[in-house]
Amino acid sequence: MNKKIKYLVADTTAFINAVPLNEYADNVLTVPEVLSEVRNKRQIKRLCVLPYDLQVREPRIESVKHCVQFSKKTGDYISLSGIDIKVIALVYELEADMVGTDHLRKEPIMSTVIASRERPQELQDNTKLPGWYNGYSDDSGTENEEELRDADEQIDDYTVDQVKENIEKELKISENEKETEDVTERELEDLFDKLICDANDDTNESLCDNLAPNTESGEDDKNARQNQRTSEDGSLFISIDTENDGNWITPNNIQKVKQSMMMGKVENDMTPKVACMSTDFAVQNTLKQMNLNITNLNGCTITHMRTYILRCYACFKTTSVITKVFCPNCGNKTLKRVAVSLDENGKQLIHINTRRPLTRKYKNKSIPRFRGGKHSHNPILFEDQPIPRQMPSRVARTKTNALDEDYTASLSPFAMRDIDSKSAMLRSKGHVKECARNSNYEENRRRKQHNRLCK
C-alpha cells in the first residue's frame, strides 16, 4: 500500500509509542482528552516538536450519541471510557462527512460458530508466526519440506518383509555381542601382550592423516546435517539442525517482523480515506462492528468481531441490557459479561471464560450498618434501594430575587448564611473528600479512640 490514509484518528497509544503517523496519513487528528492522558515529560516534549500538524477536534453531540447506542448493542459500553467513545465518534463523524453512511452498519453482527474438523485457513500456515521457533529458518523451509516428502515416500516403499529382515539382523547382532562379552580377563591380558607397536612405522602417519578433520565450507556441513542418511541395512534416518535461530525476533530482523505484521497498514488492499489507530480491543471491536477501518499498531489488532451480553452466575439467566448492574431475575449483583455467537441452526451459544474464576473478594465481609438522614452514604445492595435526597435547607429554598432592594450578593459580608441548622452542621466539608470517609469506622469522642469498628 503506497498511498497514505487521508484522515487518521490516533489514540493515546500512538503518541506514547512515538509512532511516525506522518508516514501513514496526510492528516492526523485526535480529541483533546487524548493529549491530556500523555503525562510523561519526555512524551510531552515529543508532542511539542511533532514533524507534522496535529489537528485537535471535538466530535459532535449527535456522533457521540450514536456511538454510545451502538456500543451498548455490541456489549462494549462498560469497557469503554469517555475518551474512547469520543475517539470512535470522531472516526464515525469523519467517515460520514467524507464517504457517507450507506456502507456503515446500524446493527451489530453476531458471529457464527460452525462445527468442523478441518483446520481454519488462518491456522493452516502457522509455521510462519513471527517470534515462534519452528526448527528451521524461512530460507531453508522449502528445502526441508522437499526432503521430508522424499523421506516419507521412501518409508512408504518399505514392505513388511523388509522390516522383519531388519529386525532379525538386529537380533543376530545382539547375540554376537553377548558372545564376545564372555571373554575372560586372562584372555584379554594375553592378547594385549601380543600387540606390537613400532615407533618408526609409517602406517601411524597415514592413520593420523585419515583422522584429521576435513576443512570444508560451513554450508556443506550444514547441508550434510540436514540431508537424509540411509544406513546399509535399509533403515532411514533424518537429521535436522535444531540450533538454527532464524525464527527468533532479534535486533537484526525486528524491522522485517514489523513489516510482516502490517505495521500501520489496513487489512484491505484499498487505501481508506478515514481510519483509526488504537490498541484497545473494545474500541477495535466497536469500530469493526460499525464497518469502520482500523490500522495496525505492532500487530495488536483483533481478527474476529464479538458480541457480549450479561449472564448471572447465581441464577444463570442472561440479559442483553449491558448497562444493568443487578440481575433482573434474582436481583443480585452477580452479572458477568460473556461473549455469544450463533451455531448452524441459529441457536445462541455462550462462551464462558473459565480461566477467570469467580472471586469472593468483597463478598465474604460484613457490610456497615445503614444510617438514616439526608447525609447518609449507605452501600447500594439492590436496584430499587431508596437513596437519600440532598434537599436544600430552608434558607437556601428562599427565592433569589436579584432585583429586590434588600437583596445581597453571596459574596457580600452581609449575606445570610445557614450555619445553625442541623443540615448545615452535617453537610460535607469542602476540604475533606467524600471518598476518604469510610462508613465502616466511627469516632468515639469519650475515649478518643479513632477508627473503631462499628458494632
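Every residue, even glycine, has its Cβ placed from backbone N, Cα and C.
Nobody curates TrEMBL annotations by hand; they come from automatic prediction.
Residue ranges 125-146, 169-190 are listed, and TrEMBL annotates 125-146 among them as region 'Disordered'.
Annotation note: Cys315 (Zn(2+) binding site) sits in a coil segment as assigned by DSSP.
Just so you know, of the binding-site residues Cys312, Cys315, Cys327, the Cβ with the fewest other Cβ atoms around it within 10 Å is the one at Cys315. Other Cβ atoms within 10 Å of the Cβ of Cys330 (Zn(2+) binding site) number 12 in total over all chains. Per-residue pLDDT, averaged over the domain 'Ribonuclease PIN' (8-94), rounds to 92.
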